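What Swiss-Prot says about this one:
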{"type": "ZN_FING", "residues": "30-80", "note": "zinc finger"}
{"type": "BINDING", "residues": "Cys33, Cys36, His57, Cys60", "note": "Zn(2+) 1 binding site"}
{"type": "BINDING", "residues": "Cys48, Cys51, Cys74, Cys77", "note": "Zn(2+) 2 binding site"}
{"type": "COMPBIAS", "residues": "114-132", "note": "compositional bias 'Polar residues'"}
{"type": "REGION", "residues": "114-161", "note": "region 'Disordered'"}
{"type": "COMPBIAS", "residues": "146-161", "note": "compositional bias 'Low complexity'"}
Amino acid sequence: MADESGYDAGSDAGSDASLPSSEISFVEVKKPCEVCGSNANDHAIMTCFLCRDTREHIYCARVHLRSVPRMWICEECRMNPVVVNNVAPVDQEAAASSSRITYQVADSEVVNQTMTSSDSGNQISATHQQPPQAHASPVAVPMDTSSSDNQQPPSDSESAI
């Protein structure tokens, strides 16, 4: 007679393939979606690339996706700037003595932020660097064409007068 697991203790058929009673087999039970609590549609569940703990369906996530991305980062890991930016604070001494920590951020363009504290208050400066282009041209400054004074630079003969 077979029990709930399907194991028939009285059956001799396949006795060579059955496990001895002293061995334990483990079945991997995957964690359910943290939003809806369901294990259904396992092919549509994303697992956080960083913590490997958070699991969400692509249709339960805050931003709905069409397919499971190769690398998905959960909201908790996204909120931790050290993990997301994968960089150390710019100045270790200043970071230890200050409640404000500066991180280097990388997006479609390279952005370097430097936060410094002074007695007069906090100053924030940002430098944006565009990636080099094949044919860089000088920056053109728009000129006011409404007045006739600035239409053309003076010629050599006019500047000598």
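Using N, Cα and C of the backbone, Cβ positions are placed for all residues, glycine too.
Swiss-Prot feature annotations superimposed on the structure.
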residue : record                : CB count, 10 Å
Cys33   : Zn(2+) 1 binding site : 22
Cys36   : Zn(2+) 1 binding site : 13
Cys48   : Zn(2+) 2 binding site : 19
Cys51   : Zn(2+) 2 binding site : 13
His57   : Zn(2+) 1 binding site : 22
Cys60   : Zn(2+) 1 binding site : 18
Cys74   : Zn(2+) 2 binding site : 20
Cys77   : Zn(2+) 2 binding site : 16
Inset, instruction - Other than Cys48, Cys51, Cys74, Cys77, which residues of the same chain sit close to Zn(2+) 2? List them in sequence order, counting a residue when its Cβ is within 8 Å of the Cβ centroid of the site. - result: Phe49, Leu50, Arg52, Asp53, Thr54, Ile73, Glu75, Glu76, Arg78
Legend entry - Mean of pLDDT values spanning the zinc finger (30-80): 87
Inset, instruction - Using the recorded Zn(2+) 1 site (Cys33, Cys36, His57, Cys60) as reference, state which further residues of the same chain have their Cβ within 8 Å of the centre of those residues' Cβ atoms, listed in sequence order. - result: Pro32, Glu34, Val35, Gly37, Ser38, Ile45, Glu56, Tyr59, Ala61
Legend entry - Pairwise Cα distance for His57 (Zn(2+) 1 binding site)/Cys48 (Zn(2+) 2 binding site) [Å, integer]: 11
Inset, instruction - Could you say whether, by DSSP, Cys77 (Zn(2+) 2 binding site) belongs to a helix, a strand or a coil region? - result: helix
Legend entry - Cys77 (Zn(2+) 2 binding site) versus Cys60 (Zn(2+) 1 binding site) - Cα distance in angstrom: 17
Inset, instruction - Round to a whole number and give the Cα-to-Cα distance in Å for the pair Cys48 (Zn(2+) 2 binding site) and Cys36 (Zn(2+) 1 binding site). - result: 16
